[in-house]
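Q: A single structure is presented below for examination.
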């Protein structure tokens, strides 16, 4: 047993190192050429933040494996040799909250500060914003913790009379308890009036994690609900809208001329907005126009990419076209597989979470049976479903960010992602990762029972005063399902169409 626990620790260390290396690879390949050999602090925050998010997702499967490590212990104290998961959970999520609300905002303010200012002035400006945020957050957390930082557990007081120790134990369907003709034990006969509320104060770290989870749950129910549908359907409809054949040179010249005209219009609009910014007239109309220009620019980039796919050039034009065709076929296959996983997720939420009592344990039973086939197979499938949910959140955020005015566009592009976009998306991933873990620990409560995550996210969070009703009435799960259904209807009705740029800019100049 001790050897098994040691192996679990070694696997955890190796996984952490691999996650760090993979995140460095993502940073190197996604970063914009303008950020090479500079902006080292934001880059460190990006790698560290992505590592924390990935490790937090992997910690729930590790928690399950950690629970199994001492399940068949044959000597006292064997469980003391396992990983201290509760302490690790709290540490990871306190670091998560500090990164989201303090470190990443500081890095973004510092990165976006006027480059003409000295380093000292940029640091001072960023610190001013972060310190102000810290003071406000500290006051809100301290006051709310002092007032409502308690958990209310519903308990039932059970009592029964005493009886002589029996000489023999005779039980049947008509006598299930001690006593002559006792059909039910006294505990089952307790009245509803015996229910009482047991109140105790939670720890401050658990309270911080709970509030961060609430903020993340709001974003998760919106982005996750949209993303669980648009992630697979987006891939499938990308295959449907794919270029069917290579266009002629005359068609290419015509389309390229039109794109060039749109590019000049965009440049003119951007210059006008820049002029307004310098004159100090940055009002609501200006921000709306900036958003419109960003959307048009992204659409233009998509049009250019599509045109390059439809008319490959160079000595390897045929090879390029073949790879394009294979790429769209891969999107179709991944979209179909993703659709199966999404349907399984939605069905599991309805069957196991929304219907009381649950019709079936569904995916919980699947993971348990996979564990019976091979020790870590169920754990690996469990980790995959959790990661898929996080990918759905990211997909939903990107989709809504391109369509809603109040969400800033921060697209991630291979070889062209600025650090402020990196930092924004890392903050979003970190904030939603807490809710993904909480959601998974609830959705797979039967498989992940008796884990440290269940203790934190199951008992404490769902009994926290003022918050428990959101979980009692499944508010987030219902919102998730409703948005998933609406997104599915939207894609069926409009997903096969390509959105055309409006070309309208309400410039004041």
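First residue shown is number 1, and so on along the chain.
In case you wondered, yes, glycine gets a Cβ from its N, Cα and C as well.
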Q: Looking at 66-89, 90-113, which one does TrEMBL call transmembrane segment?
A: 90-113
Q: Looking at 207-240, 241-274, I want to know which stretch TrEMBL calls transmembrane segment.
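A: Result: 207-240 is the stretch TrEMBL calls transmembrane segment.
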Q: With TrEMBL as the source, identify the stretch among 422-447, 448-473 annotated transmembrane segment.
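A: So the range that TrEMBL calls transmembrane segment is 422-447.
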Q: Establish whether the number of Cβ pairs under 8 Å between the transmembrane segment (207-240) and the transmembrane segment (475-494) reaches at least three, counting only pairs separated by 6 or more residues.
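A: Answer yes: the transmembrane segment (207-240) meets the transmembrane segment (475-494) with 3 or more Cβ pairs below 8 Å.
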Q: Can you tell me which recorded stretch out of 40-60, 90-113, 332-355, 422-447, 475-494 has the most Cβ pairs within less than 8 Å of the transmembrane segment (375-402)?
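A: Most contacts with the transmembrane segment (375-402): 422-447.
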Q: Are the transmembrane segment (475-494) and the transmembrane segment (332-355) close, by which I mean at least 3 Cβ pairs under 8 Å that are 6+ residues apart in sequence?
A: yes
Q: Give the nonlocal contacts of the transmembrane segment (332-355) in its own chain as ranges (CB under 8 Å, at least six residues past its ends).
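A: Counting only partners 6 or more residues beyond its ends, the transmembrane segment (332-355) has Cβ contacts under 8 Å with 228-229, 231-236, 238-239, 361-364, 385, 388-389, 392, 442-443, 474, 477-478, 480-481, 484.
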Q: Among 6-28, 40-60, 90-113, which stretch has the highest count of C-beta pairs below 8 Å with the transmembrane segment (422-447)?
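A: Highest pair count goes to 40-60.
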Q: Against which stretches of its own chain does the transmembrane segment (90-113) lie, if we need a Cβ under 8 Å and a gap of at least six residues from its ends?
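A: Counting only partners 6 or more residues beyond its ends, the transmembrane segment (90-113) has Cβ contacts under 8 Å with 39, 41-42, 45, 48-49, 52-53, 55-56, 59, 121-123, 125-127, 129-130, 133-134, 137, 205-206, 208-209, 212, 419-420, 423-424, 426-427, 430-431, 433-434, 456.
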Q: Give me the mean pLDDT over the coiled coil (256-310), rounded to a whole number.
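A: Per the prediction, mean pLDDT sits at 80 for the coiled coil (256-310).
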